[in-house]
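Features as listed in TrEMBL:
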| type | residues | note |
| --- | --- | --- |
| ACT_SITE | 260 | active site, proton acceptor |
| BINDING | 20, 21, 22, 48, 49, 50, 51, 52, 149, 260 | substrate binding site |
| BINDING | 191, 227, 228, 229, 230, 231, 232, 259, 260 | ATP binding site |
| BINDING | 254, 256, 292, 295, 297, 301 | K(+) binding site |
| DOMAIN | 11-303 | domain 'Carbohydrate kinase PfkB' |
Ligand code: ADP
């Protein structure tokens, strides 16, 4: 059973993080420096790790509040409407007057190679005051979800206020992370590449991931989850237990956002299925994430509660 020190029966989830608009251009190959080439299509999606994870939890039926920032532009207004439409509470999504909405420009070549430039814009302006303004919802949250696309000091402030379970998704990985961000969250969750960056160890196999997990626990993490793509996830805790949780075998179509589907589902399960062990929650988060990779897109590929075969 998962202990958060809370006795409340409420099931709220608060996500403090980024909102980005993804512009994805598909081209036969990546352009060379200074070169212009013709693409085959360009699509626009609502993205950003924070909002993706909020949407993943909300699509499962979670009671989710987003704390974040968008710019004073059409994209910002549209993003807030989009989140509202998906039942994410946006009372703490602030429109920032002196910044644009975060934008990710992505070029995907036929080979699958990509080039990405992220302009964080309003996301970089998210500050500790925004978190303090949301302190009532953060203190009441059963599960707090954080990532590293917004300033690290914002995550630390939110962790200071949190009384429930906290999940820090260490993405994107940063070389010199403040040790508080390892020791304060209940769960530190990363994929293999991120685990390698945080530990300086190569992570190319499950046994490498086990070593990286031990290193993260030695650095102060309480519980570590390393997601392993189609191989599921590794759950390791300070108490010495290491569990490899498999993912269902599926025909993957698009794995973009699989990690966000996993975190959102994990948050939903930890908040709402308190009778379940952490291992069971991780197993079902793998089920949700595996399901999401069978459809194209990110947020639109995230499943509803029917994915678990329970109501
Ligand atoms: P990220 O998207 O951050 O790189 P992963 O690739 O590790 O994260 O995927 C997160 C989770 O998504 C995995 O733990 C697994 O449950 C699921 N998943 C990803 N790819 C596949 C796949 N090809 N088949 C089944 N499940 C997958």
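Numbering starts at 1 and runs along the chain as it is shown here.
Including glycine, each Cβ sits where the backbone N, Cα and C put it.
Predicted automatically and left uncurated, TrEMBL annotations should be read as such.
Feature map: TrEMBL annotations on the structure.
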residue	record	DSSP (3 states)
20	substrate binding site	strand
149	substrate binding site	coil
191	ATP binding site	strand
228	ATP binding site	coil
254	K(+) binding site	coil
260	active site, proton acceptor	helix
292	K(+) binding site	helix
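Residue 297 (K(+) binding site) and residue 51 (substrate binding site) are 14 Å apart (CA-CA, integer value). The sparsest Cβ neighbourhood within 10 Å, among the listed recorded positions (149, 254, 260), is found at 254.
For ligand 1, there are no nearby binding-site residues; that is, of 22, 254, 256, 292, 297, 301, none has a C-beta under 6 Å from one of its atoms. Within the group of binding-site residues (191, 292, 301), the Cβ with the highest number of other Cβ atoms inside 10 Å belongs to 292. Residue 232 (ATP binding site) sits 16 Å from residue 254 (K(+) binding site), taking the CA atoms of both as reference points.
Listed binding-site residues: 20, 51, 228. The one with the lowest count of other Cβ atoms within 10 Å of its Cβ is 228.
Annotated K(+) site 254, 256, 292, 295, 297, 301; additional same-chain residues within 8 Å of its Cβ mean position, judged by their own Cβ, are 253, 255, 257, 258, 293, 294, 296, 298, 300, 302.
By a simple count of nearby Cβ atoms, those within 10 Å, the most crowded of the binding-site residues 22, 49, 230 is 49. As a whole number, the greatest separation of Cα atoms within the ATP-binding residue list 191, 227, 228, 229, 230, 231, 232, 259, 260 is 16 Å. Within 10 Å of its Cβ, the residue among the binding-site residues 295, 297 with the fewest other Cβ atoms is 295. Ranking the recorded positions 149, 254, 260, 301 by the distance of their Cα atoms from the Cα of residue 228 (ATP binding site) places 260 first. It is 15 Å from the Cα atom of residue 256 (K(+) binding site) to that of residue 20 (substrate binding site). When the Cα atoms are compared, residue 49 (substrate binding site) and residue 191 (ATP binding site) turn out to be 13 Å apart. Here the C-alpha separation of residue 191 (ATP binding site) and residue 297 (K(+) binding site) works out to 19 Å.
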